[in-house]
Structures are given as structure tokens and as C-alpha cells.
């Protein structure tokens, strides 16, 4: 991270100041400013967070007085002549004492003027780092510091200055975390400034933080009544130990976190913004100034916990500086630090001192309003009163949501059980976005991986909070914190889940002290003795370093040699063999390896995650279940077949291992970063794991440039190469659950009349019978392990055995390994076949017309096979031929005469209309060129106002809240066409989306800006800089030539922070976003909602896109967002359009741009006649045309002398904007025509997954996009995931975050669960 310090610092408390006061009204001689009677000191408390309020009071300590004589002063009183507060670091000219050497640029702290009645004018007070006194210079002699590292270059030999810079950076980071809800300091010790005359400081421990109210919840033994405080009103500092580590209390339950010094990523560089508050919370916060036992800023707060951490590959060099986002867990975790970060990140020194030495000198008798009660509880800020109702309401809601979670999913040994009732703490968490190139370590799931006899008994209880040395009798509180880790092993991200309807937030993590891990069986001497005597095998229940340091260590445990101190080592959280590898004592009492768990060693808890429930599924109804199964049932079958094919290639003598899924861990391929669904190959020595595709490619010897692999493989122990034949086949899904569900799918589709078009009936695939589990004779089942699953809420086919003794395949079964992929096997099995290499990679992407015999020919077609459904009948499921893509529109826009049978008077849904029309109208009855007219509801018998744009190729729905929208939408959507919905701005709260509201709330945040004309990234700017020029060209940042720049905000809000930064805007958007069945997180047709909470849910937004307009004729060749495509579907909402002042003839230029963009007449009339506000010009292309566009761009690149690297892609690189000339060539040379769409204020553009698109802002726009996964486009989602494997690791899309296979599996699992639960209705009907 490069931390820029030229922006204003956010707090007054803790800052040094200079003041000049008295009755003398001057005049003051500025030539002798250094001789004025200045008073210096430090601010300890403030009465308001708004420094502009005229009644602002501050509690200060003066340098020439003792702290006991602190006082409250009025900043804007008549006697105050000048009041300066330290603000930012700059470079200032400094001459040597002799004056013979030319001046040098020296880092200095500037002071900002709050009051200046003496007329300082251009004079600025600064303090050179390394000195104590302040001097005054002209503003012209100051230069901004671009970053901390650049300021250190000329000062490498000055240790004092370097240390002070580091201390300032660390202080600034701590202030940011404190103000933003304690994001990285949960469990940290802090010291709080005391307004009690008897003491200056007292200590407390951070329990939780509330991002919405920006307050901290603390546990203070000195003042038990103190619960919450506001760090913006009272001086708070984090306490560090002698090693520069954040001191963590061992008394508070839950996960303890340490603040980080850097974030390791440009994306993560942004400071966490101040969260949005409601109108009731928006007044100026003030508190009375009270002494005695009084504390400023006491406010109610929600609980908040976070987690941190994780290391790089085993053969990567360590880098010990790291960002520390956080998470939550039900238990305390031993402290572990990541061993590495981005190579470009320079860590701060470990021995930094947070608090520069301050001399506290005397001051006058303080003026105060005595607290009548003399209690800390008597002082409540106005912020507290304004937030109490809303906060309590939120806490109540969270409590209700999380009450079902009180029963822990993790079983703990009796040694860890608390004797007292557990206190449940609600959690509300936000984690900053971080770079995705760093390998994360896994977090701990303490539930057992097997039910072997040696395992300790478990109970369903919480974890006792451990009391440290500071604990006092009578003050012990057992706290049970509902928390979970969500960490991806090989990507720098961690996830926390609020509840099943909420998304996850990401961030890199460091696991800190006090996560309580179940006591290892080896810690019990009596049990160890018994195991030694019996020779019984048991599962490794700790890290390699703790359990078996002399045996092979996994990749994470081997990284301990890079870690600096013992506290960082031996964490079970990181171990890849935890609850996976089996161990055994030999006859000499020496511990040795005894293989790994096998698929038949599952328990009901493990299998329940993968089998459908026998009761109705929340958020899913019968009709929707049928529709989902009709759309993705075949894809699921192909998924099962591909797994069977891989299993059939495994030699009979090879044992398949089972690695159970770990809660919150997204298992990734160590080579290509693709999410592993089930099968993979694992190294038994170090835990290295690769996906099916990477294994097959390596095994077949596919190389790139004849000297390197397409994907690099990390080396094993002692630098040994990982050879494919030495890797161990491993599955995640226990037992035969995958194949059992496949059988259930066929049974259910037959019973419900859902016609299947899967290749399961193909003779070639009949040979791929259900694989049998290979039994390890040494893994004996324990009593109780053979429990019948019929007692659980699982759906199993009656004929499917539950735990019959597995049978090893016969030697002749190897013949199935030679079965080649049939052309009838569609997209899924072919994509994962072994024919993917650098030579033929592009052949897989060839258009259908050029690759007739490829199984991928089904890719462009989004229509699903016919199915005899009751509600979703054959008409809606029948594929539409290519030459009749406008069939429905032709019918709907025709005269509407009755058919022979006549139309139903009140059809239930649109499908009935389609069925009736399709059965009774011929194509010859339809006009050849339908007119783009609005359909009258009375004609069709349903109320779905809409019209057609783009020459009748684009559906535009007019009522965003119409309940019939999704039926009309679905017909176009399933054919891969974009759709638009208008009028959403009438539903939204307009005040929330105005630029001034963003400027007011987040103006001081530091961000990166992008120059849309040059793609240059501008650093060191603030959010306020962007919004100042949003509607005022004269206020925009300018180039060196003095031209105003056309800018867009880069990744703001940063990462997945939208909900936490802007909760009211999030609620406003989710409440009014059209087609909620698809777009809401819990929408019944949003397949991402079917992924269980056990998994890491993908980040689907919302995300904001804020940019100026490109108005001039020269700007028409530039794009606000260049041509690209997304792995998921998206709904992009235009929430605000700003027409900037300061430029003439804007309307004329915008009209020319719209016309130049190939817009149709109806679109132009919306601008010229209806006077709607146009925001952005879109060009969207069908997903099936992607390869043609790719070939065209490569051709143009070659014409321009550009290279086309193998691991880059002209579309995924987002390096092209198709102007009119390129669009014309694309149409003429490749026959590709897209949709030219002008998005007006309130329009929502729906972009199908895999559809290339580009955006050109006409005016300044604020857009918000929400992603989703629809049943109609799952095929494209998977295809894109395969494409992204070939991108370089620098691409944001390289990593597979959508987990398409998991989404398909669990969506089908839930659908068949609903259908099985309603089979009784079939007999009645």
C-alpha cells in the first residue's frame, strides 16, 4: 500500500494545535509572527464532530502546563485570534543552519487554520519532522507529498525523521480504524482519555464496533458502566506491546484482531468511509462538557467482529507486512499472521512507536459543567439519543435473525464448555476489499471430520471466554459470539455472512490470538497411552507443527519458518491436513502417517449438506422449482457425467480420499484459481491441490512455448516437482451423494413431466455407472456410524442404499476410462475435457458456424427443451429458431385478432397466451416488420406496459413495479437479449442519490480517479474533488495543459463496502429494483441465493459507477467503460444524471453522439420530444457473438502493430472501445450487430451474462449495478469461468468467485427437494 498523507486528517482529538488569544485586537505584525505569544498543546476532547459550529468547545492540554490543569476553550470566542490544528504532511524548503548549502525539501507537518483574525494570509505554520518548534513559511514553498515512500528517499540516513513518519502513518491508520467502527481492533486494548481530575487515562478492551454510528463498544473494568464511546469526541489510542504488536485482551470472547500497517493493494488503499446515517441522525453531534466520572461520546452500538489473515504459496518469499481485515468466529483463535503480502507492498517496521513522545505541561484551571451524578453513564451525547431508537431496532432485528444460530454448528470438547449461560452478541461487519493475488490461509472448522472411536465426545454448546491476567473474580462474563470465518485458501479474501439473505464482504485476514481450538487428543496423556497400546488410527486434529512436527507438513505449516515469532506459528487454522490426514502410533510408540479419510467415512452432518431436504425449501415455490429444473436440470446431469468420466479414469488400485467441505472456505485450485467443486488431485506430502483440468493438462504434457507449462505448478518439499501420477484423487462430496441426487433428478423430472434432454440415456454414458466407493480396510466404522439417514431430513431414493459395504471395482472396469467424449455431451463435459491447451484453446472458442462437430455448439442457444409443465408450459420452453427471433414480438404487435379457438378471457400468466398463440397462429399471419408500439393491456388481457426499441429488438418495460414484468422479461431474457426497464427514478428517494449528499458524507475520503480519455490513474485525490466537478466543469481537475479532465471514480465504494457505507441507499435500491425475482439477493430466480450459508457466497454487489460525461466530438472515440463482459447477469440502474454547467451547446453535441451511436428513432424522440435526461450510451452484443468480436479485435490489433499475448484477451483486458468506424467494420466483416441503447434517468439496463458491452457517458452519471445468476444463463457463466482460467493473474476476472458448479448443484438440490415434498399433490390431481 502507498499511503498518501496530503489529505486532511479526519479527527481533531489527538491533534496538536497552536493558539493565539487575548483582549488585544491588534494589528498584528506578520513580519514578526514567530514572536507572537503562541500557546501550543494537544486536543483531548471536543464537544461536536462538526468543527464549523460556532459553539465548538475543545478540551486541551497546553505544553507549558501539567495535564491536571487542562481546560475547555471556545474555539470561536471573541478572544480567540488564531487557532491552528495540525493537518497533513508536506515537503517544505529547509535551509541548513549555516545557510551555505542550498535548501532541501524536508517533510513537515502543516497546521490548518480554524480561526484567523490576525491576518496570517498566505503564511502557514509548519513543524519540520525531527524538530519540536513550529515555523511560518509562505504557502508557495510547500509541495504535496505523493506518498510516504517518496518522502523517505532523501531521508534514508535520518533515522529520527523516518521513525516519526512511520509513527504518523501508524497513528493515522489507527485513527481510521477507531473512527470506522473498530474494523481491525476487536479485542484490542485501548486507552481512553479521562475527564476525571484524578487520572489522565484509563484502559478498556474493544468488544465491537458499529460502522453506521461510528462508535465503539468497550468492556472497561475500571468503569463497568461504560459500554460505548465515540472516538471522534474523546481521545482514544490503541495500546501496543513492547514488540509493536497490538495488545489483545484474553478476557473477551470471540476473535481478537490486530490492526494492519498496509493493505497490500491499490484497490484496498482507500480508507474506509464514514457510513451513511439517516436524517434523524444527521444533526450536529454535541455533548455536554462534564467532569467527574463523565465520558464524551457514549452511544449505543451494534456488535461487530472481524477476522484477518493468510499466507502465500510455499515456494514464495515471505513479506511480513499485511493488511488485516477481519471476520467472525464462534471461538477464540490462536494468533497467526500471514507470511506474505503483495511483492510491491513495503511493510512498516515492526518497532514503530505509535505515540510520539509528548510533554504534558501545566494549564489553567479547567472550566466545566459538573455531572450531577458523577457517573460516566450520566453523559450521553446527542448522537446517542438520536440513534437509540434506530439502533435498538436494528439490534432487535439482528437478534431475531441470528437466534436460530444459537445452536453452534461446531462441536467442542467438554473441556471448552462454559458452565454459565452464553451471551449472544449480534454482529454487523464490513470488510475492505483487497488485492486478489495473495494466497489466503484457510480458517478453522472445528467440527470433526470423522466419527472414529477415538474422538472425544462433543456437545452442542458454546465456547467459554478465557480470562486473562486482568480478569477479576466476579467480573467473568461468558460470552458466546455468533461468528464465522469465511476465508478462501488461495485468494486474498475472507468472507463474513450476516444472514442468509445478505451477501459477503471481502478482505485479507490475519488470524489473531484467542480462537479456542478443541484440545487435541494428543494433549490427553491417558488417551495417548491407550492409542499407543491399541495402535488405533485417528484423525489429525491439530496443525502439523503441533501434532506431528517430524512428519510431512502441509504447505501452510511449512511457512512457519518464515514467521518471526512464536505467536504467529502453529495455527490449526492454516493446516491443510487438519481433520483430513489419519495418524497412528506404531509398535514403538512413534507417530506415523496412516493415509487419509475416504468418502465412505462421512456422518449425517456431512452428508446433509449435499442431499435435498424432505421439506419445503425457504424462498422457493413449486412453480419456480419446476422452471429452474427445466432450465438447468440438463446442465446438472452433464456435471454429474463429467465427474463420472473423471472418476472412471482413476486406476482401480488408487484410493480416493475425502476432504470434507469446510464452512466458509472456498477450495481453490492452487494453479488456476478455479473453485473446486468436487474432484481434485492432492499431494499427500504438502497438501498442494489442483483441479481436474490442470491435472489433465499436466498429465498429457501440454506445454506452452515448449519450455513452460500453461499454468505453473508450485513445488513440493525440498523443491521436488509435483508429478501427476504422485497426486492423490480426492473428492469433496461425501459418499455417493452426487450420483444419488442425479438419480433423484431423473426420477423427479419423470414424475412431474419435465422433459429431459440430457445425455444420460446415451449408450456411451450408460457404461459410466455409478462409481463405487473404495473401502480402506483399516478405516473401521464405529458404532453409531451406520445410522440410517432415513431418520434425518434427507431425501433419498428408496432404492438407493445408504451405507452398504462398498465394493472395489473389478480390474476390468478400467475399460471405461477409454470412453471418449461424445459430441452429444454438451458444454460442461467438453470444457473440462483434456483438449484444452495453448494450441487448441482458441478452437474451443470458435463460432458455431466454424465448428459444426463440436459439442459446444449448444452454447449460443439459451432456449431450453420443451417440458410438459402445468404453469410453465411447452410454449415458453420451446426453442425459437434463429430466423424467427422476433416471433413473440410479431405476435404481440399484430392486430391481435382471435384465433380459431379464441383467447382466454383472463389468462393466468403470459405462458398461456404464448401457448395459445403458438398453437393457432402461423408465421405467415404475422406482419414482416412489426411496429414498435406500446401494447395495450386490454388487447392481451394482462397489464404489462411495455414497448420496443432498437427497431423492435429491445424490450422496454414501463412499470418497474408491475408484478407481470418477469413473465414478459423472461421470454426475451432466455434468448440472450438485453432488456430495459424505465421509470425507476420515480420510486427511489432522490435526495439519497444527489452528488451533494455524497460530497457531504464522504468528501474527505481518498480515492483513485481515472482519466477516461487516457485511462491514466490519478492518485491522491479525494471523493470531494470528484464531486466538485461533477456538475461544474470549472471546478474539475485539470491536465498539465490546463484542460478539464473527464474522470470516473475507480472502485468506489471500495470493494464490497456499499451496504456498510450506505445502508439507507442500499435499502432504497433493494426495495425498488425491478424484477426482484431475479435481482434481489434472495430472489427466487437468482440462483446465487440457493448456495447454502455454509459456502462462501459470491460478491454480487451492488457496485457504484460514477463518471463525468464525454460530450465533445473528439470524445466519441473514448469510452467511460471499454468493451468487456461479466461472468454474471447484471441490472444497471441510472439513479442520477447531472448536466454540468460551463459548456455551451451540450444538447446539440449529445444529440449528435446519440445519432452517431446508431440509436433508433424512438430513442432519439425520448430526448428531443419527451425531454428525458440521457445518461449513457450503451452498445451490447449477444454472448454468442463473443468469439467473432474477439477475432475482429485481434485482427485490428495486428493491423495496428499490437501484440496479442496468450494470457491476455482483447475483451477481458477492457482495452477497446468500438467507435462508429469499428462497429461498422464489425457488422460488415463479421455480421455482428448489437443493441445501441441510450440509458435515460431511471432506466435499468439488464445485461445477460457473457454479453460484451461498452458504455459512453453522455452527461455525468451515477449508476448502481446489482449482479445476479439467472437460470437462463448459467451455461454462459460456466463457459466464462473456463475462459478466465487462461487470463494472467493480474486480471480481476482471473479468479473464479462465482462457483458456478456449486450454484448449479445446490439450485437443483433445492428444486428437487421442493418437488419431492409436493409429490402427494400429483396423486390428488
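Any Cβ shown, glycine's included, is placed from N, Cα and C.
Annotated Fe cation binding in Swiss-Prot involves 1124, 1126 plus, out of the candidates 1208, 1227, 1253, the residue 1253. Segment annotation: Swiss-Prot labels zinc finger over residues 669-694 (candidates 643-668, 669-694, 695-720). When Swiss-Prot is compared with the stretches 198-231, 300-333, 334-367, 402-435, the one noted as region 'Disordered' is 300-333. Of the given residue ranges 878-882, 883-887, 888-892, Swiss-Prot assigns the label motif 'LXXLL motif' to 888-892.
For the binding-site residues 1124, 1253, the greatest number of Cβ atoms within 10 Å around a candidate Cβ is found at 1253. Neighbours of residue 1126 (Fe cation binding site), defined as other CB atoms within 10 A of its CB across all chains, total 20. Of the chain residues outside the Fe cation site list 1124, 1126, 1253, 1121, 1123, 1125, 1130, 1247, 1251, 1252, 1254 have their Cβ within 8 Å of the site's Cβ mean position. Look at residue 1124 (Fe cation binding site): DSSP puts it in a strand. Confidence for the zinc finger (669-694), expressed as mean pLDDT, is 89.
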